[in-house]
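Below: one structure, written as structure tokens.
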Amino acid sequence: MAAGAGPGSAATMYVCGITPYDATHLGHAATYLAFDLIYRQWLDLGHDVHYVQNVTDVDDPLLERAARDGIDWRALAEREVSLFREDMAALRILAPRDYVGATEAIADVVELVEKMLASGAAYVVDGEFPDIYYRADATLQFGYESGYDRETMLRLFAERGGDPQRPGKTDALDALLWRAARPGEPSWPSPFGNGRPGWHVECAAIALSRIGSGLDIQGGGSDLIFPHHEFTAAHAECVRGERRFARHYVHAGMIGWDGHKMSKSRGNLVLVSQLRGRGVEPAAIRLGLLAGHFRGDRYWSDQVLDEATARLRRWRTATALPAGPDATDVIARVRQYLADDLNTPKALAALDGWTTDALDYGGHDTAAPRLVATAVDALLGVAL
């Protein structure tokens, strides 16, 4: 997960944020925890980190939930964003430098859409609502990020917010850039008519306007690989005339509960706020999520939480001792494992080994317990 240059240089990361229509669940927490670890690793290496995260504060799911609950969509978004930030702070997930709502970036979106229309990479679908679409074949490299074949792309496009059956499109995979205004929907003025942004172009516009080209990392959950991240990169590459939006594309695995992926549609969410409300310490939640590798799909359970709580207790007992075994090697190994694809299971195992030695055999290094606690805090974000 190294950045492009040495200590003191800038390291840049854009991570897709939430659509704020419901509370933060453990799937969200696991994703943002993964990028928090990268953030912390870069800071430890001495980089000046420019981390940007968006919030999709105008989108169909948000508008539908607001209509269902009889609440203004802006009030709903503001409420859920506030709760999300509260949960992230409780989990000690460092805030990005820039936290940007889609509604704050309308002018940037309009500028990108204008450029794509001018170059022929976008077109207007004739009809009652003149929506603007991006041509999936506008860049030769389209598809490199996901590596999916066309059949897989079409299936995921339909499942994840795309509209392959939309009449008038040149290609079923062409993605919405600008949704022309409909009655009862929020809209903004533009040279090509009132409307609102498509999902993917929001992120391209925010990333380019806040960071620019050549990101070190574009990141998010693995369910965003296609179509969202593929099209976000394609939009940016098309406008900038570049082959690659980011040096690395990083995706966190999904969190399941009771044998199924955790999702709003399934109704099996484990909410961070609910766990906190039950008195579960956020540090234990964090450790439970760190017990699995960030890229793998994994399951949350009461056993995972119990094991994390016990681990936290042992670590705190060991680091409260007046002395312990030398800490140099264990801290070096934690850094080494995190630098190797964020291998948190090995990092936690190394700390477990030091903890066992400290509790079972003691030690003579009076600085060691404090050094271990400081390293765990800085590198893993767990306060002991």
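We number each residue from 1, going along the chain as drawn.
Note that Cβ sites are derived from N, Cα and C of the backbone, with glycine treated the same way.
These features come from Swiss-Prot:
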{"type": "BINDING", "residues": "C16, G17, I18, T19, T31, N54, V55, T56, W199, G221, S222, D223, I255", "note": "L-cysteinyl-5'-AMP binding site"}
{"type": "BINDING", "residues": "C16, C203, H228", "note": "Zn(2+) binding site"}
{"type": "MOTIF", "residues": "18-28", "note": "motif ''HIGH' region'"}
{"type": "MOTIF", "residues": "159-164", "note": "motif ''ERGGDP' region'"}
{"type": "MOTIF", "residues": "261-265", "note": "motif ''KMSKS' region'"}
DSSP state at W199 (L-cysteinyl-5'-AMP binding site), helix/strand/coil: helix
For S222 (L-cysteinyl-5'-AMP binding site), the number of other Cβ atoms found within 10 Å of its own Cβ: 16
Pairwise CA distance, H228 (Zn(2+) binding site) versus W199 (L-cysteinyl-5'-AMP binding site), rounded so that it is a whole Å: 8
Cα-to-Cα gap, V55 (L-cysteinyl-5'-AMP binding site) vs C203 (Zn(2+) binding site), nearest whole Å: 9
DSSP residue counts for the motif ''KMSKS' region' (261-265), split into helix, strand and coil: 0 helix, 1 strand, 4 coil
PLDDT averaged over the residues of the motif ''KMSKS' region' (261-265): 71
Local backbone state of T31 (L-cysteinyl-5'-AMP binding site), from DSSP in three classes: helix
Cβ-Cβ distance under 8 Å to C16 (L-cysteinyl-5'-AMP binding site), same chain, at least six residues away: Q53, N54, C203, G219, G220, G221, L224, H228, H229, T232
For S222 (L-cysteinyl-5'-AMP binding site), the three-state class that DSSP assigns: helix
Listed in sequence order, residues not in C16, C203, H228 with Cβ within 8 Å of the centre of the Zn(2+) site Cβ atoms: N54, T56, W199, H200, E202, G220, L224, H229, T232
Assigned conformation of V55 (L-cysteinyl-5'-AMP binding site) - DSSP reduced to three states: strand
Helix-strand-coil residue split for the motif ''ERGGDP' region' (159-164), DSSP-based: 1 helix, 0 strand, 5 coil
I18 (L-cysteinyl-5'-AMP binding site): tally of other CB atoms within 10 A of its CB: 21
W199 (L-cysteinyl-5'-AMP binding site), number of other Cβ atoms within 10 Å: 24
